[in-house]
Amino acid sequence: MPRFVDRVVIHAKAGTGGHGCASVHREKFKPLGGPDGGNGGRGGSVILEVDPQVHTLLDFHFHPHLQAPNGTQGMGGHRNGANGDDLILKVPDGTVVLDDDGRILADLVGAGARFDAAAGGRGGLGNAALASRARKAPGFALLGEAGAEVDLTLELKTVADVGLVGFPSAGKSSLVSVLSAAKPKIADYPFTTLVPNLGVVTTGENSFVMADVPGLIPGAAEGRGLGLEFLRHIERCAVLVHVVDCATLEPGRDPVSDIDALENELARYQPTLQDDSVLGDLADRPRAVVLNKVDVPEADELADFVTEEVSQRGWPVFKVSTLTRDGLRPLTFALWEMIVAARAARPEPVKTRPVIRPIPVDESGFTVSADPQNPGGFVVRGVRPERWIRQTNFENDEAVGYLGDRLARLGVEDELLKLGAEPGCAVTIGDMTFDWEPQTPAGVDVTMSGRGTDARIDKTDRVGAAERRQARRVRRGQVEPE
């Protein structure tokens, strides 16, 4: 079973908002209590948060499908539904969030860094919130909206100061084990290291993090060996260290050719954070060369022979032995000085006043176009019309009538008439297709009344206040009867 996972694909689904409640207040001696249905609760959101105690994406490897709780339904007595709890997913420091197209959505660095992966759906309004002068006791409520549903790729890029690169069995894991308290797997065969190993190196009163990545071989860019994918863990490293095996017996290999081969593979790697990292490209990172295994006499002689040639590249060269621990102390202090110099060379972050710029959403706009798949039909697109469709309970005639009133006030009906829509033609809004029937001809003033009634044709025997005043004046002889 894998214990270290640095790349996973997750499917996150936010909670659905609770439905609104259609309720009428019932109380003794109050025959007209009015609507008292509460609103539905908001669905829970899916949030990624950095936790320093988490070091791998292993949990998401076994449980990639994640869903936040739904909001609860509103109830009578003006009781709103409870909001769904947010689902907070703990991720390691250095996690990069990418979408389906490979675009970076967030780079989570630092304890407590957060990213809203999927927003919860809004709750539906109860009939108390829908009451108006024309519709005093609505017999319907709005449905809750579904939460966002996304597929995200999480990549872990280790946060370290020094990255060790080299051929397999060059002694990288051994170097980490003797410089820190880390206990990586060490064996006398290549590709012993399959996952990055981190260790904290102490230099006097200072300390830094060192990362050991699996070995590189020529042709890794084409997939040989373990490939180049694990090099994502050195993208954040301020200093790169070439660990060279001076005691290798493989034909055709020497320290200089090994360094050239490593540089060639590093140049072919395309960092994901190249445009976003303040450290710049990998080719611009400070480098050091560690000539390892000088406890072997032949290796010590070879190290002395190539030191001058390697130094001409402008990189510091160190002769060390992880077995006898010779040369380790000067190496650690030199690496710390390189880290300090690299940090000082970084551009100072400009402290600017945080400005929140929400993504503009045109909720008032909509478009009406001919339906290419249904001759004679039309398609209505817009944030508000499509949301209203999702919130409507089509089993309730009054709710459907309320939807028609909202679309008419928005101007959808007039736009359909301008495009030559005929009564009975198919109109698609969101996932719903229905036969369109205009409420009134275009240009006619609409008399506002409750759904299901028409003040222009409905007659009532109820005597109004104006009629009672007129009758009282006639009885008193103040006016002549009509």
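Placement of Cβ uses the backbone N, Cα and C atoms for every residue, glycine included.
Record note: among 63-104, 357-398, 441-482, 441-482 is the stretch given as region 'Disordered' by Swiss-Prot. In this structure, the C-alpha atom of Gly166 (GTP binding site) lies 11 angstrom from that of Ser173 (Mg(2+) binding site).
Counting other Cβ atoms within 10 Å of each Cβ, the lowest count among the binding-site residues Lys172, Lys293 belongs to Lys293. Here the domain 'OCT' (358-438) has, by DSSP, the following mix of helix, strand and coil residues: 30 helix, 16 strand, 35 coil. Gly166 (GTP binding site) is surrounded by 24 other CB atoms, counting those within 10 A of its CB over all protein chains shown.
Secondary structure from DSSP puts Ser173 (Mg(2+) binding site) in a helix.
Taken together, the residues in the domain 'OCT' (358-438) have a mean pLDDT of 86 on the 0 to 100 scale.
In this structure, the CA atom of Lys293 (GTP binding site) is 13 Å away from the CA atom of Ser173 (Mg(2+) binding site).
For the pair Ser173 (Mg(2+) binding site) and Ser321 (GTP binding site), the C-alpha distance works out to 13 angstrom.
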